[in-house]
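Colleague: Sharing the features that TrEMBL gives for it:
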{"type": "REGION", "residues": "B:1-25", "note": "region 'Disordered'"}
{"type": "TRANSMEM", "residues": "B:64-84", "note": "transmembrane segment"}
{"type": "TRANSMEM", "residues": "B:96-116", "note": "transmembrane segment"}
{"type": "TRANSMEM", "residues": "B:123-140", "note": "transmembrane segment"}
{"type": "TRANSMEM", "residues": "B:146-167", "note": "transmembrane segment"}
{"type": "TRANSMEM", "residues": "B:174-194", "note": "transmembrane segment"}
{"type": "TRANSMEM", "residues": "B:214-235", "note": "transmembrane segment"}
{"type": "TRANSMEM", "residues": "B:256-274", "note": "transmembrane segment"}
{"type": "TRANSMEM", "residues": "B:280-298", "note": "transmembrane segment"}
{"type": "TRANSMEM", "residues": "B:326-350", "note": "transmembrane segment"}
{"type": "TRANSMEM", "residues": "B:362-378", "note": "transmembrane segment"}
{"type": "TRANSMEM", "residues": "B:385-403", "note": "transmembrane segment"}
{"type": "TRANSMEM", "residues": "B:409-429", "note": "transmembrane segment"}
Amino acid sequence: MTGETVLALRGISKRFGAVQALTGIELEVRAGEVVALVGDNGAGKSTLVKTIAGVNQPDEGVIEWEGRPVAIHRPQDAQHLGIATVYQDLALCDNLDVVGNLFLGRELKQFGLVLDEVGMEKRSRQLLDSLSIRIPSVRIPIASLSGGQRQVVAIARALIGSPKVVILDEPTAALGVEQTAQVLDLVERLRDQRLGVILISHNMADVMAVADTVAVLRLGRNNGVFDKRSTNQEQIISAITGATDNAVTRRQARGEGGER
Amino acid sequence: MSGDTPEPGHRPLPEDSMPTGGVNAPVPVAAEATPAVDPRLIVRQEGLKGYLIEFKRRLTSGELGSAPVVVALIVIWAVFGSLNSSFLSAQNLSNLSQQIVGTGMIALGVVFVLLLGEIDLSVGSVSGLCAAIFAVMNVTHGVNQWVALLSAVAGGALVGLVQGLFFAKVGVPAFVVTLAGNLGWNGLMLQILGASGTVNLSGKDIVSRLYSTIYGQQIAAYGMAAAGVVLFLGSSLLDTRRRKAAGVPYRTLTDVLVRTAALAVVGFLVAYTLNQYKGLPLALLVFVVFVVVLEFVLRRTPYGRKVFALGGNIEGARRAGINVSLVRITVFMICSTMAAIGGLFLAAQIQSASQTSGGGNLLMNAIAAAVIGGTSLFGGRGSTWSALLGALVIGSIQSGMNIQGLSNAIQFMITGAVLLAAVVIDSLARRTQKSAGRA
Ligand SMILES: Nc1ncnc2c1ncn2[C@@H]1O[C@H](COP(=O)(O)OP(=O)(O)O)[C@@H](O)[C@H]1O
Ligand SMILES: [Mg+2]
């Protein structure tokens, strides 16, 4: 069962030049809940993720963490709160090895100032083993890994801290069947550990398999939040494509007034 | 292990594998966890054959590192040595080891900037400026030599701070900021030197002595070589022991011994050569210490890791929580500080600070040294050793040409060709790395 709300977005808007990427987005994530964020290409999913992660600043709106409004100005702020993000473009450093990437920005140290390479290597191997992730060696540069292997390294990196909310932006897009199953298993284990998960995916089967709640974005606006148990795939797809504008959202928009 | 594919959702995954306790929480490894080693991984074989195979693999995949520059150095020495036997004499090589220090120190700082994928075009002027600061304070105004020395070095750091702020905070491209600096700091130097234009060093000051001191006792050079070898062996063995204890891959004893032996051969050969002439130059010792310490900073400290990360993926580094501006500013400070130190050694070499200090082809030589030595212009790849090796290549060409009585004109052309060759190798290597999945 899902618990209290960890992360809540209230009326988030974001504009890039002439593009209004996000308009009045509402989203809630509870502990032990998997929220699938779906929408067509360009719907604003990645922009929303970057806003939560502190990469972008929202123009309007409030981010609430455990009930209190928080300011997330930098990626560090999000990390300190306990938000771990796996970006769609992975954001790995090609020239560093797997260990270097896993611990980038929070290296283990000896005597306070020297890298504890042995300790980090040991932890990396344990973490990757425990996630059943197979890569040739933790000491080869990221550049020599396949797309799927990079993806799992990026996911493993998100778990190195002690996150309370994990955001996965299209984590299975580059993966094969077995690795996709592994990632979905991982998502379920995160939920069992009472973490909140935001999962972005284009694959409806994946979404229906693991999500508790499905939030639909369309053209930068909310287009319905569905409880997985009381909805079906067709409903969600029609919300994504805009065949049905969600009544609730419409009423909200009208209630705020002044909008088209 | 890899053959069976359980149904999605039914894979037996370890229950408690989530590292919820943070970085330091132990992650229990489940018994059935897949070993991290892939059977397809190419592992270096034991012994000499393994080294050869590994070398070939690196060559074909474009991971050249310092290999080309070592080859170039051997060719250059062979050519000049055969043209005139005095080139390889202990005297010439000893002098060479002192002459490369000024340019080499500046190149050390350039390595840091290149690792970010940036460039600093002001290092020549900064070296001249800081030499002038020392000379004018110490000689003209009679300020304590240590105070003058510290002021000169601090002046370098300050220059780096200013340029770094403009680059990192204002967002002006580094090459424009430092190009402006190149002119501006040169002007400041001329201002400081004043009407006379040249300030001769006393010859007894700390900077002059840093350059000209040579330890004549045989034990000095050999002792340093021995100390280096012992330090290397000790740290290698310690590392192997820690890795063994932690259960991660380690170098075998033979491997460690082979490496140590290689280092010992080079170290004692250098010591022997130096002892054939006057002995161990202090300048060379200081330079090598700088190379080793800065290499340690780059490879073994969180700061160095950040420098490499910025060179690899700036946006990735930012999202990993790295303070990008701070790293950029400090790297430019390191670069200018090293330029100041290099400038002091160059002033000591000619016993004066003059209007031509830091001019000529010093800037080009310093950047060329770093690149020729194997530090990539594209950022993210390099080593402080490339400053030493590159400075040695450039110094050798100059020295050989001087012995042959060839003009500056030809020297410039040859050095230019070597630099071009180095950049071509860097670009080709990068392309090969990409196709071999290493970039
Ligand atoms: N940095 C940016 N600058 C300008 N426009 C952007 C930027 N990032 C995203 N956008 C625009 O915002 C919209 C939403 O993009 P995105 O969030 O990547 O969509 P999604 O991830 O849902 O496919 C797109 O129209 C995109 O062009
Ligand atoms: Mg996206």
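Cβ atoms are placed via backbone N, Cα and C, with glycine included.
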Colleague: Other than its close neighbours in sequence, what residues sit by the transmembrane segment (B:280-298), given a CB gap under 8 Å and a spacing of at least six beyond its ends?
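Modeller: Apart from its flanks, the transmembrane segment (B:280-298) reaches 94, 97-98, 100-101, 104-105, 108, 111-112, 115, 209-215, 220-221, 224, 271, 274, 304, 307-308, 338, 341, 345, 383-385, 387-388.
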Colleague: Does the chain bring the transmembrane segment (B:409-429) near the transmembrane segment (B:64-84), so that three or more CB pairs sit under 8 Å (pairs 6 or more apart in sequence)?
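Modeller: Yes, the stretches contact each other.
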Colleague: Against the transmembrane segment (B:362-378), which of these stretches has the most C-beta pairs under 8 Å: B:64-84, B:146-167, B:174-194, B:214-235?
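Modeller: Between the stretches B:64-84, B:146-167, B:174-194, B:214-235, B:64-84 has the largest tally.
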Colleague: Are there residues at least six beyond either end of the transmembrane segment (B:256-274) with Cβ under 8 Å to its Cβ atoms? List them, or say none.
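Modeller: For the transmembrane segment (B:256-274), the nonlocal Cβ contacts are 51, 90, 93-94, 97, 221-222, 224-226, 228-229, 232-233, 236-237, 240, 280-281, 284.
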Colleague: Where else in the chain does the transmembrane segment (B:326-350) make close Cβ contacts, counting only residues six or more beyond its ends and a cut-off under 8 Å?
Modeller: 98-99, 101-110, 112-113, 115-116, 118, 120, 122-124, 126-131, 134-135, 149, 152-153, 155-157, 159-161, 163-165, 167-169, 174, 201, 207-208, 210-212, 283, 290, 303, 306-307, 310, 317, 357-358, 362, 366
